[in-house]
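**Q** Relevant sequence annotations retrieved from Swiss-Prot are reproduced here:
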BINDING   CYS333, HIS384, HIS512  Zn(2+) binding site
DOMAIN    1-61  domain 'TGS'
REGION    242-535  region 'Catalytic'
Amino acid sequence: MPIITLPDGSKRAFEDAVTVMQVASDIGAGLAKATIAGRVNGQLKEASDLITEDAELQLITLKDEDGLHIMRHSCAHLLGHALKQLYPAAKMAIGPVVENGFYYDIDMEEKITPEDLKQIEKRMKELAKTKYEVIKEMTPRAEALATFKERQEDYKVELIEDMPDETEFGLYHHQEYIDMCRGPHVPNMGFIKAFKLTHVAGAYWRGNSDNKMLQRIYGVAFADKQELKDYLRMMEEAEKRDHRKLGKSLDLFHVDELAPGMAFWHPKGSTLYRVVENYMRQQLVENDYQEIRTPLIMDRTLWEKSGHWDKFKDNMFTTETENRDYAVKPMNCPGHIQVYNHNLSSYRDLPIRLAEFGLVHRNEPSGTLHGLMRVRSFTQDDAHIFCTPEQIKEEVQACIDLVFNTYADFGFDNIQVKFSTRPEQRVGEDDVWDLAEEALEQTLKDANLEYALQPGEGAFYGPKIEFQLKDCIGRVWQCGTIQLDFSMTQEERLNAVYIGADNEKHHPVMIHRAILGSLERFVGILVEHYEGKFPTWLAPTQLVIASIADVHNEYVNDFAKKLKKHGFRVESDLRNEKVGFKIREHTLQRVPYILVVGDQEMENGTVNVRARGGENLGSFSFEELIDHLSEDVSRLGRIVES
């Protein structure tokens, strides 16, 4: 007689074992119709799964993140179903969930075209409208192998053979189509109402370039058609803001196959990058950080001690010389501990805040590289704070304040916070993880911050707080992190110590923190957020002074020199072109201010000022212009309430 406890604390007793769906039906027909699955004692279960003993149950609908995830996964199966009907010879590989949607990797002779995508999507919609039931069968290993061998699904066979310890597999029956998955999935295809296939890309089987190149069909899926419509509208806007296109048209940077995943910064892009870096450098000064620099390449033994070699070696670039193995650093923390360890610190010296604009390299798969957003070489605005356990809360709170102030200065005021706990693959003892997680979560609560819990998503060495900013078209970007680390400073790792008040050696707590994350990625976010129309303080070129005729050139150059002495980034346009042409060209380059000099301006010692939006601000003397620009720049990117 299982007793089911619901999230509101209410209990329901049943005579016999009961399915998740039967519990939903017992509560109400409306809830049963909306129920996709359930969390039974924290574990996701099918709506058809039996509950045989007392349990806590959360019913999952499309209003829940879990529900969206399940629906999107089922949409991948629906894609597989449609593909096999249209292309019976296609071989199905894997079809997981990704952000906002799903994909399926397939091996087939035909090259899928945009027109083919429309036909595949049409077939998916036809199948979904039938609301056919999805049936799961736990199938013995031998039978599962036989099923996929008979269907000539070579990739499914390989997956089964690579899991020798599994005795049975979940096979999902979609009418005549069978797929393999851990699940759960929707009870019937009526839950899939709003989706769209977006594009096709190439992908190596299992991400290994030695394997066959497959076709990967991507799609997005949402709970209802309005959400899908809003998302597609956002994507249209994002296409116009693509930092790769703007990077080219604004002459900021380029990427090249000569160096996959690594940016070539042009003068204007380098200026923008430097402005961002120098802003962060000033924050270091104001918040009592000490800036350091550590080697790019360090001995393998350091990475073995730190735990990176065991957990991260597949993503590390390595080299060898004089019979010694080295790794190009993927992270800065081990190097920072070497700097900390160079001197023996007292508890009176703590906290010690070490910061670095550290260039790191990670061997990301070529298929995942994307402009500045996903790269192999990037600079982290990285810092590590060595402190006592008693100082954790104050230091974490200071980091949180720095995050929010920094994002506000760059024009972001919608920040989401997530708290990630211990992953399965980790270093350190559970009692140490308990301390670390409790310390971070308590600081969040004391700061009255709303946050989402992400179980199992922490770093291998400690739990973390993640900060995600929402841009002007509603996209969410994960940037800042604060991570608590009780492990890497321990004797069996990198053995950082300080002398405590008891005159004994103790291991400090290490707080990893990054505000922007990757500078390259953050610049890419800024380009898309502002569509290249940067606030004046960020703009690579803040002003252009255009002469109307050659006779005005000397005056223009002198005016520009004076502006440069006041720290402004200014260019002179002395070309023998019509002034209207010059204005249009610099407007397309998103320059905040265009100054025009003709006979009247030269005679009066002024310039005519046009703002980026096209507004003619009139004539300004040099002093008036300096006052106006200084006020503009002082606002940084902060959003001014009207």
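Even glycines carry a Cβ here, placed using N, Cα and C.
How about a rundown of where these features are and what they're close to?
**A** For the recorded site, CYS333 (Zn(2+) binding site), the DSSP three-state label reads helix.
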**Q** Averaged over the whole of the domain 'TGS' (1-61), what is the pLDDT?
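**A** A mean pLDDT of 92 is what the predicted model shows over the domain 'TGS' (1-61).
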**Q** Within 10 Å of the Cβ of HIS512 (Zn(2+) binding site), how many other Cβ atoms can be counted across all chains shown?
**A** 24
**Q** I'd like the number of other C-beta atoms within 10 A of the C-beta of HIS384 (Zn(2+) binding site), please.
**A** 29
**Q** What are the helix, strand and coil residue counts for the domain 'TGS' (1-61) according to DSSP?
**A** 14 helix, 24 strand, 23 coil
**Q** Compile a sequence-ordered list of residues in the same chain as CYS333 (Zn(2+) binding site), six or more apart from it, whose Cβ lies below 8 A from its Cβ; state 'none' when nothing qualifies.
**A** SER306, ASP382, HIS384, ASP485, MET488, MET510, HIS512
**Q** Determine which residues of this chain, when CYS333, HIS384, HIS512 are set aside, have a Cβ within 8 Å of the centroid of the Zn(2+) site's Cβ atoms, and list them as they appear in the sequence.
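**A** Surrounding the site, in chain order, are MET331, ASN332, HIS336, ILE337, ASP382, ALA383, GLN483, ASP485, MET488, MET510, ILE511, ARG513.
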